[in-house]
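Now, the feature entries from Swiss-Prot:
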type: SIGNAL; residues: 1-19; note: signal peptide
type: CARBOHYD; residues: Asn96; note: N-linked glycosylation site
type: CARBOHYD; residues: Asn252; note: N-linked glycosylation site
type: REGION; residues: 269-291; note: region 'Disordered'
type: ACT_SITE; residues: Ser558; note: active site, charge relay system
type: CARBOHYD; residues: Asn605; note: N-linked glycosylation site
type: ACT_SITE; residues: Asp641; note: active site, charge relay system
type: ACT_SITE; residues: His673; note: active site, charge relay system
type: CARBOHYD; residues: Asn699; note: N-linked glycosylation site
Amino acid sequence: MAAAKWLIASLAFASSGLAFTPEDFISAPRRGEAIPDPKGELAVFHVSKYNFDKKDRPSGWNLLNLKNGDISVLTTDSDISEITWLGDGTKIVYVNGTDSVKGGVGIWISDAKNFGNAYKAGSVNGAFSGLKLAKSGDKINFVGYGQSTTKGDLYNEAAAKEAVSSARIYDSLFVRHWDTYVGTQFNAVFSGALTKSGDKYSFDGKLKNLVHPVKYAESPYPPFGGSGDYDLSSDGKTVAFMSKAPELPKANLTTTYIFVVPHDGSRVAEPINKRNGPRTPQAIEGASSSPVFSPDGKRIAYLQMATKNYESDRRVIHIAEVGSNKPVQRIASNWDRSPEVVKWSSDGRTLYVTAEDHATGKLFTLPADARDSHKPAVVKHDGSVSSFYFVGSSKSVLISGNSLWSNALFQVATPGRPNRKLFYANEHDPELKGLGPNDIEPLWVDGARTKIHSWIVKPTGFDKNKVYPLAFLIHGGPQGSWGDSWSTRWNPRVWADQGYVVVAPNPTGSTGFGQKLTDDITNDWGGAPYKDLVKIWEHVRDHIKYIDTDNGIAAGASFGGFMVNWIQGHDLGRKFKALVSHDGTFVGSSKIGTDELFFIEHDFNGTFFEARQNYDRWDCSKPELVAKWSTPQLVIHNDFDFRLSVAEGVGLFNVLQEKGIPSRFLNFPDETHWVTKPENSLVWHQQVLGWINKWSGINKSNPKSIKLSDCPIEVVDHEAHSYFDY
């Protein structure tokens, strides 16, 4: 009955206008990864859904039957932040954010088949998440993470003393990172244990900080680190975690170590791959990730890059023996793909890894002792893999994924066999009705140096005999890609269903097409990538008759925003009716204001003061480029974007206004490099789509398309005339 109510609630938000609207997009249910029980019969996953009428996002937890794909409601308690399996039949352990300890969380035990019979095992005195558990004798050892104080205690924001001043004082970097000014607290992995008495478990509230004894270490590493940054051995006795190299400047270098430490913290954690260490392969000193123990706990597999200041270098699989002085082994090191996650099969003989390949996140397998020349085998599945877990002790895995046409794909994949579909959101959610793979196709075009891939995304009800304006979307990174995956921010299908055909290119600098294409953007931001885009645009103009390039638009965020600004000052800028630049750099020298200096120092071949000419080479604000500007442009920049200052967007808008070019500035004071809050996201879509629809002519040809006037936010306009009216 509860499941039926959930579906009925979804029906209430289905749009009666365009096929796939921003409201549909934002309010469609969002599902987390599905985690199977030890026997491989059920999986639990988180689900939430935004309600525009009530302005809230209720959430809960569902169960997925791994035999038939049926879904049932486990709980609708929005205070439960995570659930995992206890390892004992269908028993589960979960974290509840509402606790008797102010600012703390509760650890609860229940059964997936009788959730209402839950009991509290104990409290944690602070925010705590990322539980991983393993039986150790008569106890269940666990690890998780929270913030640490300088003394090594779990930080509790609610219990912290209020500072007498708002001053911040720094003697080293980072000052701020992503969206936050760095404070004295830092992330740390903590260990604890559940003790069994009778048929119940209890937790005494005692945690051991495993990271604090290593001065300047931090794990998980912000801003995006999580439970994938550490692991617990199957016997519960040993923990592995990754941290930036404590002895090196974190804002300038990406060097990361994998540390090993006893679960009880009886010894200080030690790195197994220290730079220039006796076990570390020669010249390997880049970022490490994804540490995971073998089933017997004797080996650790992890991923590592070679270059010490390059966050987009190729990752290679490494295997280290625990408690040994033997050199770390590199596995399939010649494979020209960059794996993202690695896991062991239950017998410890096979590795399963995910890696981006030709704009799709794929699952691969390879022997744990593979030679350097070995090429991993693809496991068949649909869409891109977000996460995967083994189904019981079998070779099959439960994949949680998505695609350009569905925001959730639950499927079982087995090496050498067809995949087995369990649940695809586009076949169930009314908001996603009509979405499917038939409206997506790849495009390959000769670029500046090699063939370049793009996605073509067509609107619902596409008719090849009609003509649709071009929406030319440029991805960020620049070392990133438009993949066959669902985005909760820039979603090509939302743009297409306004009445466009979207072309989403993967030019020089993109990932998943071999490391050379990724590396070739170094110190060439406005070179080969721009030429690739010109060639793709020309191919579309000359060979795809159902795309109208005369009334097309171009838009991009981050590096894509830079590229839109670059295009505005070049010939390609005159080919579009409108431009949209979201969080893009404008003044070349302003890049020194970023947070992660290793990024710019790699991409521009040196520091700001030693290689200044490289920063200035790709300066969109050069007078000779600004002189060419004329295309209407929407500029978006947010106050908590510490990747590049909001002043970049304001400066760009200043110049557009002084030149008398139709332009608008959109700012969210509470958003970061991304726009993630539902109501802000709706305004963002209303402004962006309204802007391009106005200039492309879509508003005239499609009366149901979004208009700028659809946005309820009042526009600030205090000038009767532009500067050049005088």
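All positions are counted from 1 along the displayed chain.
Here the Cβ of each residue, glycine as well, is placed from N, Cα and C on the backbone.
Taking the Cα of His673 (active site, charge relay system) as the reference point, the closest of the recorded positions Asn252, Ser558, Asn699 is Ser558. The glycosylation sites shown are Asn96, Asn252, Asn605; of these, the one with its CA atom nearest the CA of Asp641 (active site, charge relay system) is Asn252. Among the listed glycosylation sites, namely Asn96, Asn699, the Cβ with the most fellow Cβ atoms inside 10 Å is that of Asn699.
Annotated pair Ser558 (active site, charge relay system) and Asn605 (N-linked glycosylation site), C-alpha to C-alpha distance, rounded: 20 Å. Residue counts of the region 'Disordered' (269-291) by helix, strand and coil are 0 helix, 6 strand, 17 coil (DSSP-based). Put plainly, the recorded positions Asn252, Ser558, Asn605 were compared by Cβ crowding within 10 Å, and the winner is Ser558.
When Cα-Cα distances from Asn605 (N-linked glycosylation site) are compared across the glycosylation sites Asn96, Asn252, Asn699, the shortest belongs to Asn252. Across the structure, Asn699 (N-linked glycosylation site) and Asn252 (N-linked glycosylation site) place their CA atoms 48 angstrom apart.
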